[in-house]
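Below: the structure, in structure tokens.
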Amino acid sequence: MEGPTHPKPSKDKTFSWDLMILVGVLLRLDVGMANPSPHQIYNVTWTITNLVTGTKANATSMLGTLTDAFPTMYFDLCDIIGNTWNPSDQEPFPGYGCDQPMRRWQQRNTPFYVCPGHANRKQCGGPQDGFCAVWGCETTGETYWRPTSSWDYITVKKGVTQGIYQCSGGGWCGPCYDKAVHSSITGASEGGRCNPLILQFTQKGRQTSWDGPKSWGLRLYRSGYDPIALFSVSRQVMTITLPQAMGPNLVLPDQKPPSRQSQIESRVTPHHSQGNGGTPGITLVNASIAPLSTPVTPASPKRIGTGNRLINLVQGTYLALNVTNPNKTKDCWLCLVSRPPYYEGIAVLGNYSNQTNPPPSCLSDPQHKLTISEVSGQGSCIGTVPKTHQALCKKTQKGHKGTHYLAAPSGTYWACNTGLTPCISMAVLNWTSDFCVLIELWPRVTYHQPEYVYTHFDKTVRLRREPISLTVALMLGGLTVGGIAAGVGTGTKALLETAQFGQLQMAMHTDIQALEESISALEKSLTSLSEVVLQNRRGLDILFLQEGGLCAALKEECCFYADHTGLVRDNMAKLRERLKQRQQLFDSQQGWFEGWFNKSPWFTTLISSIMGPLLILLLILLFGPCILNRLVQFVKDRISVVQALILTQQYQQIKQYDPDQP
């Protein structure tokens, strides 16, 4: 750009050469980055640094990709100036600076311009010139000629601070006063910051590489010498802490996804015709798998099918998401992941209860060793947490003395290295090296924008963008400890949120119950197989009786089958009993008002339909007589006035005179 013709000589723009070394060092600081996927989410931190003092003027962190994590940054002009603009012997009253409220106020009304140092233009000079040795180097700022640029990375403009800026007369400068020093001044701000600036990234800045810090120079536009301030903008990219496994099974985190069988397509019978396409990693919940073994006898109770259980999980997730964030559910796809893990835990902060006796939740929920292979976030931890899992802890408590129980809030669990449990015993925790993290348990459901599925059916040849998979657990994390699951709050919204979350909890409970039945069926199959093997073994021993039995005939060591299914059967019986107790506890926690809506599905529709007319009728009955009386009284008053006017028109006023006057 070509700058205007200014009557200011370029020789006035001088600065200390010592800053060139500092800027040269900062420009060579590189952040080592690999070549990751462009859709990977990072924790991005942007920092504005005063190059003279090395202090940070602003540090903003956000989650996003390397192409969209560009926030708007706010800072004060004095944060990048420090004490470099304080008056000197040559200019005792400069009209700018940050050491006094009056100078800060005068500085606020002075224009400024910014010149980039990353352009490496020789005519613009170096740090001693603020990269503005000649006119035309400025790319942004707040002056009357409004400098702009199509290639620079940032724009810097003045911000707005509310307050009183009348510094004449009584000397009230409002926010230019530091409230820590002048607490009695009306409108005093933190540190006397009354020169706010707004930094935004341009389109060119969003496309450039931020491998190292980039510097700029800011100068005031005034008569005489233009003071210089140097600052840099840098980006720090950190990977988000990966989820870690919690539980005794250390094999789950390293397990591979299940292999795809070629015959599986012939065993899928679609219930509804919804297209022939499919997406890897997504479970088709509208399909049923043909049984591979003997079907269940008619005498056995009818259980909900696999397809219905999966649909209930997705439907419960949708209802919970629709209540908490309805804008996200206007047009989206919720996909149930078909590969393990099927559930994930989100570490949360919560107020767990400390009880001397075991609460009902400790008795009704299953206490088997269930491993959660993915736990992410940061929450409350208790016990001696190893260094490998300290990233999951935002608040750590070593333990409690005594023999009492810590019950997790409703809808949450303790994920311990010995398994998942709703409550923990401090006696066991103090005796062992166990540690636990408070988590929320969510089904593994991913959230996608509508374009995600459309791209799979698009037959045109184009490069498809890799979608950003966002699990619903990250979107609903903190829902239970926020009070919805516990029913905290009053009104229709609180009851609705509690009901929707309860439906999701019931769907997960049904899925876990189906898992128990699958394990029981596997145990029965194993027992039946062992009986067949033992029967064949006895038959072969009879055939080789003369040789001394089968083992002697084979000249091998004799092997005997040890059946451990009895222990499995006992554990499954206990699990069924606890599931039954949990169902009873779940039913007992529902209030009488919630029971109305659960007993009859049409009751909710009936209430919502007749509630409006009933309220209108009630208002008419309450306020109708009063309004009618007021209306009748008003009509009577108007009629009385009209009657009085008619009567006065029939008579004439008699003239009065004084008889004493002639």
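Even glycines carry a Cβ here, placed using N, Cα and C.
Record note: among 396-445, 496-545, 596-645, 496-545 is the stretch given as coiled coil by Swiss-Prot. Range 332-335 is the one annotated as motif 'CXXC', of 164-167, 320-323, 332-335, 560-563 (source: Swiss-Prot).
Across the range of the motif 'CXXC' (332-335), the DSSP-based residue counts are 0 helix, 3 strand, 1 coil.
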